[in-house]
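Beneath this line is the structure, given in structure tokens, with notes to follow.
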């Protein structure tokens, strides 16, 4: 089933994944400054997450694309100006050339900041993966968004969830015919804990490396429907070559 249709069946206000906020269910409030690579993508409102991979580049999901984005770094309480945030406009927003919005394959994009971020205790980069993460690897998923599987409760403070990478067989069995080689699943087949559309674009970090980008899923924290994430290890060459060509 097409993920766009899945969202429509869920009663989403708009039957596209573009503006879906994250829904971390069964997680916990992150410690302040513990996820310094997490960014908020803003268009007058928070609409997606992302990850800072250098002082001038952010990686997110291609389905979060907007031609102009303000990247907000150093955020913790997203509703309050705490004084340590950096708000930097995008200079370039580059979707993967093979991004498929119908099946959400190659769901990755890069954002070049108009000026370099100042790196400090609240704003730091996350490493790209040196290899793909093995099934069973424990990862940290983070974002701001709905913490309820039904109904809405948008938290002010950044939310975290610890979740394992699932096997590709488990992933494909959960979503028959929908999983490509550029996707991984993470979470709990028994349900109860999940990032539901995740802060679309937000990070999945395993052992200090960015292994996933929140991409799509069916419902939130449902049994046998784990979150689906862009498999970042497949895109390291594209990320590096794109940055080099646009430096």
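Cβ atoms here come from the backbone N, Cα and C positions, even for glycine.
Here the structure is a predicted model, which means the values were calculated and not measured.
Summarising the annotation, Swiss-Prot assigns signal peptide to 1-15.
Positions annotated as domain 'Peptidase S1' by Swiss-Prot, on the basis of sequence analysis: 24-244.
Sequence-distant contacts (6 or more apart, same chain, Cβ under 8 Å) of residue 30 (disulfide bond) comprise 76, 142, 157, 158, 159, 160. Reduced to three states, the DSSP call for residue 30 (disulfide bond) is coil. Annotated disulfide bond per Swiss-Prot: 30-160 (among others), in sequence order, evidence recorded as sequence analysis.
The disulfide bond annotation in Swiss-Prot covers 48-64 (among others) and rests on sequence analysis. When secondary structure is read from DSSP and collapsed to three states, residue 64 (disulfide bond) falls in the helix class.
According to Swiss-Prot, the feature active site, charge relay system maps to 63 (among others), an assignment based on similarity to another entry.
Shown in sequence order, 156 are the residues of the chain, 6+ apart in sequence, with a C-beta less than 8 angstroms from the C-beta of residue 80 (Ca(2+) binding site). The Ca(2+) binding site annotation in Swiss-Prot covers 75, 77, 80, 85.
Swiss-Prot lists 107 (among others) with the feature active site, charge relay system, giving similarity to another entry as the kind of evidence. According to its DSSP assignment, residue 107 (active site, charge relay system) is coil.
Under the three-state DSSP scheme, residue 132 (disulfide bond) falls in the coil class. The local packing around residue 132 (disulfide bond), expressed as other Cβ atoms within 10 Å of its Cβ over all shown chains, amounts to 17. According to Swiss-Prot, the disulfide bond annotation covers 132-233 (among others), on the basis of sequence analysis.
Residue 206 (disulfide bond) counts 23 other C-beta atoms within 10 Å of its own C-beta, drawing on all protein chains shown. According to DSSP, residue 206 (disulfide bond) sits within a strand segment. Residues annotated as disulfide bond in Swiss-Prot, with sequence analysis given as evidence: 139-206 (among others).
Of all the Cβ atoms in the protein chains shown, 26 others lie within 10 Å of the Cβ of residue 185 (disulfide bond). Annotated disulfide bond per Swiss-Prot: 171-185 (among others), in sequence order.
The annotation site 'Required for specificity' is assigned in Swiss-Prot to 194.
What Swiss-Prot records for 196-220 (among others) is disulfide bond.
Residues annotated as active site, charge relay system in Swiss-Prot: 200 (among others). Residue 200 (active site, charge relay system) has a Cβ environment of 30 other Cβ atoms inside 10 Å.
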Distance from residue 75 (Ca(2+) binding site) back to residue 206 (disulfide bond), taken between C-alpha atoms, in Å: 21
Densest Cβ neighbourhood among 75, 85, 107 (recorded positions), 10 Å radius: 107
Residue 185 (disulfide bond) and residue 107 (active site, charge relay system), distance between Cα atoms, whole Å: 14
Under 8 Å by Cβ from residue 77 (Ca(2+) binding site), counting only residues of that chain that are 6 or more apart: 156, 157
Rounded Cα-Cα span from residue 85 (Ca(2+) binding site) to residue 233 (disulfide bond), Å: 29
From 63, 64, 132, 139, 171, 200: recorded positions whose CA lies within 10 A of residue 75 (Ca(2+) binding site): none
